[in-house]
Amino acid sequence: MSGSAITPWVVGNWKMNPMQADAKALLQDFKKLLQNNEIKEQDCYLGIAPTMLALGSVQSELASSVRPVYPVAQDVSRIAGTGAYTGEVSAELLKDQQIDFVLIGHSERREFFAETASILNEKVKNALNAGLTIIYCVGESLEQRENGQAEQVVLQQICDIATVVQAEQWKNIVVAYEPIWAIGTGKTASPEDAQAMHAKIRAGLTQITPLGASMAILYGGSVKPENAVELAACPDINGALVGGASLNAESFYKIAQAFANTK
Ligand code: PEP
């Protein structure tokens with residue numbers, strides 16, 4: 001046991017999955033596993049990020065869980081408040097529906113939806129000002145890693161948001177380091193490489209904010225039950241953002257167990 005003072009987070013990112021009936025069965029299976037009472041609330045925070053369409057029904061389903069499992073939005077508009085913005089969901093609308101968490105900056109949003117640093121800054125600013133906690137994703141491509149630019153790219157992504165985050169708002173930020181080459185590919189960063197980057201992220205954060213030492217830094221990229229224990233043992237890996245493996249109740253549960261056991 002590492003005995004880290006930082007409570008780990010394990011968050012499932014369902015992406016554009018699954019169909020309604022499968023989502024219901026998945027949540028019911030997961031809630032049943034939680035009844036074993038092996039993952040205590042104080043040992044691991046849990047979250048699930050379904051599609052925007054399913055957010056309300058997942059929230060209702062999770063309300064009857066034996067322990068909190070927070071519904072998390074996968075995205076938020078860069079526009080604040082309400083208004084004539086077809087297709088958008090603002091931070092205020094999420095908050096109004098008692099959604100307190102949102103992913104921002106996932107590499108799929110950066111890559112496929114052209115979300116630049118300035119767009120992400122607007123999202124970060126609006127989400128924090130509305131009182132949401134954000135899971136801010138950072139990570140380098142394979143090419144950037146091979147060119148020796150991984151650290152610079154990741155630290156720049158952290159510095160980007162520093163211009164819009166007010167001093168006391170850092171407590172509402174969780175960072176997720178997700179090397180792009182490890183997302184959905186089955187390739188995981190080795191625990192040593194992941195820990196090395198997490199330590200650099202923590203050093204970068206502590207230069208920006210005194211809260212950096214206590215911020216949770218999650219790892220994401222093909223996390224599965226087979227590698228979760230080793231990753232969880234790394235001192236600066238304070239949880240996981242889980243894509244594919246979160247679509248299986250037992251796998252997601254085992255990953256959560258691995259992180260809860262570090263407390
Ligand atoms: C993700 O989408 O955040 C992710 C880490 O996906 P996977 O676990 O499938 O690599």
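Numbers run from 1 along the shown chain.
Cβ atoms here come from the backbone N, Cα and C positions, even for glycine.
The feature substrate binding site is assigned by TrEMBL to Asn13, Trp14, Lys15, Gly184, Ser222, Gly243, Gly244. Secondary structure at Ser222 (substrate binding site), taken from DSSP and collapsed to helix, strand or coil, is coil.
Secondary structure at His106 (active site, electrophile), as computed by DSSP, is coil. The feature active site, electrophile is assigned by TrEMBL to His106.
Positions annotated as active site, proton acceptor by TrEMBL: Glu178. For Glu178 (active site, proton acceptor), the count of additional Cβ atoms within 10 Å of its Cβ stands at 28 [all protein chains shown].
Largest Cα-Cα distance over the residues recorded as binding substrate, namely Asn13, Trp14, Lys15, Gly184, Ser222, Gly243, Gly244, equals 14 Å. Annotated substrate site Asn13, Trp14, Lys15, Gly184, Ser222, Gly243, Gly244; additional same-chain residues within 8 Å of its Cβ mean position, judged by their own Cβ, are Ile183, Val242, Ala245, Ser246, Leu247. Close contacts with ligand 1, defined as a Cβ under 6 Å from any of its atoms, occur at Asn13, Gly184, Ser222, Gly244 among the binding-site residues Asn13, Trp14, Gly184, Ser222, Gly244.
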